[in-house]
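Worksheet for the structure shown next.
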Ligand SMILES: Cc1ncc(COP(=O)(O)O)c(C=O)c1O
C-alpha cells in the first residue's frame, strides 16, 4: 500500500534529536529543489555545504550509475578500484602521500585524532597525548570528536568526557601559545569555522599554529570537512592560506551528497597505522568512491574553481545591497562560497525567523548560530539563480522587519 510521509510522521517514527522544517523536498536539480506539492525552492544551503555541485549533477549521476552496474560493496579484505582511483587523485592534488577513506566528517576526524595520538605514542611516548582545539569549533558527533569540538552544549550530559583536551580562543595566537607544549600531540583547527559562525582564520593565526606545532613536534590537523573541496576557491583551504597541515580531513562535498569522508596525511605519519589499528566497514565504498572521484575531478577544474570567486562577489554585493536597505548586518564575511552575514545586535538574534520567512518565500538557506545567516550554495550556481534567491531573501527580510 502506498503511503506519503508527512512532517507529523517524523515525530512519530524518528528520535527527537532533529526538528526539521515543514517542507519535505522530494526532487532536486542543480540549485533548485521541489517539495511534495511541486513547489519550487532555490537552494543556498546545499545540504549544509554537501551538494558542492548542486543536485543530480550529470558527472556524478554518470559515475553513480556506471558503478551501480558493477559492484556496490567490497570489504577491506580486497583492494577496490574506485577507492584506489580516488585516493590516487587526492594524493596527486594535495600535500598528502596517503589516504584513509571513511563515510563522514566525524569519522575522518576520529581517525585523524587517533592517528595523532598513535604517532605521538610510538615516536615520543605515552605522555605526549594532549590535544588542543578551539572554542566555537565543530568536529563531529562521535564521543571523541564532540569532546574535542569547542561548543560545550553538544557534549554536555554525556560525561565523563575523554581527557587530555584543551580549548583555546580561535584567531588568538597567544591563547594557543599558552596551551601548546611538548606534551601536545595535535592541534586541530578549521581553517574557516563553519558551524561556529562562518569565521575565517587569519593567515597569522594558521602560520603561528604551524610554527608552534613545529617547535613542539605536535601534528597540525586541518578540519576541512565544511570549508574544503572547492568552497574557498581552492580545492582545499590550506592552499588559500599557503599553510600545509600534517593531517587534513575532508567529507561533506567530497561525495557531493553520497556519504564519503577522507583523512589524508604524509608517509611519515601514516606508517604508524599498521594493520589492525583502525578501520571502517564502509570506508572506500565503491559507489561513494566513484561519485567522489567525479566530484573532485569536476570541482578541481580551473573553470569551477575560478568561478567560485565571481559567484562569491555576487553574493557579497547582494548582501551589501540588502544591508543598505535594512541596516541589518554588522559583518559580511567568509571565503569563496561559504559566506556568513551577522545580524547587528539591534536587529536581534533572528536567524531562525529569517530562515522560516525565506522558506516561505521559496529559498532554502542556513544559519550558523542564532544571529548569523550562512550561505553554502552549489559552486556552480548560475548567476541568475543567485539573483532570484536574493530577491526571495529580500522579501523575507522585509517580512521580518515588518513584524518587529
Ligand atoms: C568542520 C566540520 N567537521 C566535522 C563535521 C562532522 O561531519 P559529519 O556530520 O559528516 O560527521 C562537520 C559537520 O558539520 C563540520 O562542519
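Positions of Cβ are set from backbone N, Cα and C atoms, glycine also.
DSSP assigns residue 225 (pyridoxal 5'-phosphate binding site) to coil in the three-state reduction, outside any helix or strand. According to TrEMBL, the feature pyridoxal 5'-phosphate binding site maps to 105, 106, 138, 223, 224, 225, 226, 281.
The Cβ of residue 280 (N(2)-acetyl-L-ornithine binding site) has 17 other Cβ atoms within 10 Å, all protein chains considered. As annotated by TrEMBL, N(2)-acetyl-L-ornithine binding site applies to 141, 280.
Under the three-state DSSP scheme, residue 252 (N6-(pyridoxal phosphate)lysine) falls in the helix class. All protein chains included, residue 252 (N6-(pyridoxal phosphate)lysine) registers 29 other Cβ atoms within 10 Å of its own Cβ. According to TrEMBL, the feature N6-(pyridoxal phosphate)lysine maps to 252.
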Spatial neighbours, same chain, of residue 105 (pyridoxal 5'-phosphate binding site) - Cβ under 8 Å, 6+ residues apart:
139, 140, 223, 225, 226, 249, 251, 252, 261
Shortest C-alpha distance to residue 141 (N(2)-acetyl-L-ornithine binding site) - which of the binding-site residues 106, 224, 281:
106
Neighbour tally for residue 224 (pyridoxal 5'-phosphate binding site), based on other Cβ positions within 10 Å of its Cβ:
30
For the binding-site residues 226, 281, the one whose C-beta sees the most other C-beta atoms within 10 angstroms:
226
Could you check which of the binding-site residues 138, 223, 224, 280, 281 have their CB within less than 6 A of ligand 1?
138, 223
